[in-house]
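Novice: Pasting the relevant annotations from TrEMBL:
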- 3, 4, 5, 6, 7, 130, 131, 132, 133, 134, 135, 136, 137, 138: ATP binding site (BINDING)
- 54: substrate binding site (BINDING)
């Protein structure tokens with residue numbers, strides 16, 4: 001299946017669930033993420049503030065912050081680029097590109113200091129490949145995360161045996 005068709009298939013799968021059901025499915029993923037030794041060890045964590053159809057990270061962003069970790073969130077700055085901003089609490093969030101809540105905190109450019117990156121995707125496979133939404137934002141950012149342990153997070157129905165991957169695609173270290 002081509003990437004475009006696979007994205008369409010996953011979108012159709014997601015539509016079969018209510019927001020309440022997706023929130024419930026998110027809990028087991030989030031619990032496994034929070035129990036991960038990599039999360040416990042990390043000092044600087046790149047996270048994401050979830051869209052309605054993604055594993056819900058709204059609460060754990062604050063939980064991780066309260067653990068004394070530096071929390072970073074992506075901010076879309078153009079049709080092709082995003083930057084990382086420091087998250088210091090809900091007051092930092094404002095409506096951004098694509099109606100995504102984005103941080104307004106301090107710009108973060110020391111990508112090599114990121115210990116853990118929690119990465120969303122449309123699908124992941126058993127070889128730790130990731131399929132994004134097709135805009136390439138994470139494809140351009142992932143190569144900069146040279147020291148970060150990368151955890152892809154998804155619902156079970158998004159974890160597939162295989163997905164199309166290019167040689168330039170950056171693999172995740174783990175999928176939850």
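Glycine is treated like the rest: Cβ placed from N, Cα and C.
What TrEMBL says about a protein is an automatic prediction, not a curated fact.
Have a look at these and tell me how they're positioned relative to everything else.
Specialist: For residue 135 (ATP binding site), other Cβ atoms within 10 Å of its Cβ number 14.
Look at residue 54 (substrate binding site): DSSP puts it in coil.
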Novice: Out of 5, 54, which of the binding-site residues is least crowded by other Cβ atoms within 10 Å?
Specialist: 5
Novice: How long is the line from the C-alpha of residue 5 (ATP binding site) to the C-alpha of residue 54 (substrate binding site), rounded to the nearest angstrom?
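Specialist: For residue 5 (ATP binding site) versus residue 54 (substrate binding site), the Cα atoms are 19 Å apart.
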